[in-house]
Structures are given as C-alpha cells and as structure tokens.
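Here is the structure we will look at, set down as structure tokens.
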Amino acid sequence: MTLYTELDEAGEAQAGKDKGKRSSYRDEDIESTIRSRMGWLIFFFFGLMMSTVVVEQFEELLRKQVALSYFVPLLIGHGGNSGSQSVTTIIRAISLGEITQKDYLLATAKEGLAGTLMGCMLGCGVFTFSFIYPGFEPKVALTVAVSLPIISLWANTLGVALPLLAQRLRLNPAVTAAPLMTTIVDATGLLIYFFIAKYVIGDM
C-alpha cells in the first residue's frame, strides 16, 4: 500500500503544479476522486467490451475445441499480472528519478526480455504438465505455451510505454497506466491466443 500511496501523491503533486489543485492524497475528497477516475473507468469499460467481441469472432474455433476456453482466464490474468509488475516497476523508477524518457529503449529491452523468459518458463511448465495430467491435450497445451511468452512480451512492452507516455502527457500514471495496460492486453492477448490456436490446432 505504501508504494501506491506514494505514486498517487506524486501524481496529485504534479497535477497541483499544473492546475493549482490539491496535491495531497489525504486532502482529496470522494467527489474529486470520482471525477478524476470515472472518465477513465468508462473508457476502460468500453475497451474491455472488445474482449467479448474477440471471443465472439472465434466462436467456431471454441466450439470445436472447448478446452481452449479453459485457459482464457489464465492467459489474460497472466498478461495483466506481468504487465502490472512492469508498470509498477517503471512508475517507481520514474518517481525516484532512476529513469527518464531517454531510457525508453533500455527499459523496454530489459522488461521485454524479462517478460519473454518468464513466459517461456511458465509455458514449458504448462506443456510438461499436459503429459502428466490426461485432461490436457498436447496441442492445446502447446498453444498456451507459445502464447504465454508472446503475451508477456507485449504486456511488459506496454508496461514501459504507458507510464512514460502518461508522464509526458502530465497524467497520473498510477491511475491511468496500469488499467489501460490491462484493458489493451485483455483484448489483444485473446487475439494472440486464438490466432496461435488456429495455426497450431488448425480448423480441425
């Protein structure tokens, strides 16, 4: 909680400099909190609706291979978790002055490689488990194993770009970057997963 409190206070302090508003989180009332966040939540809500559209577009594939649907929460959850770790790390580094806009490529390379390697390790675990547990089909497990590092790479890349973009636009990255990353990864991660499934499993 301490980190997020610091991030909120840092974001409000910046907003106070730019707009002459209150800079302390303790002094911010509920009305101000709702006003500053509700618009973003509405935007994120409609963004998440895109996930429903994506699933609907691959309805035929899911009907033929129902097991693919079992891993949807795992994949979008993992993408959100991986990206959130990256977002939090970058926001902390920004708030401590450890990185600036000029460090974008360095941070992207570092977070992207870390995400890819961690996704590969988890993917290998899923694929290996498919040979132990009879309920997992190897082709479905392979689809998940290939999807995990790609989704991790994409999520971590966004995890670097969005906080730095928010800083450049003088927005509070603690409020905007993490949920925006999650919203994007939820929809695009499903696209990545289903396209890989079509390639690995085929139309059957």
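Including glycine, each Cβ sits where the backbone N, Cα and C put it.
Here is what TrEMBL says about this protein:
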TRANSMEM  38-55  transmembrane segment
DOMAIN    72-196  domain 'SLC41A/MgtE integral membrane'
TRANSMEM  112-134  transmembrane segment
TRANSMEM  140-165  transmembrane segment
TRANSMEM  177-201  transmembrane segment
Long-range neighbours of the transmembrane segment (177-201), counting only residues six or more past its ends (CB under 8 A):
40-41, 44, 47-48, 50-51, 54-55, 57-58, 61, 65, 68, 71-72, 75-76, 79-80, 83-84, 87-88, 91, 139-140, 142-144, 146-147, 150-151, 154-155, 158-159, 162-163, 165-166
Looking only at residues six or more beyond either end of the transmembrane segment (112-134), which have a C-beta under 8 A from one in the stretch?
78, 82, 86, 140-142, 144-153, 155-157, 160
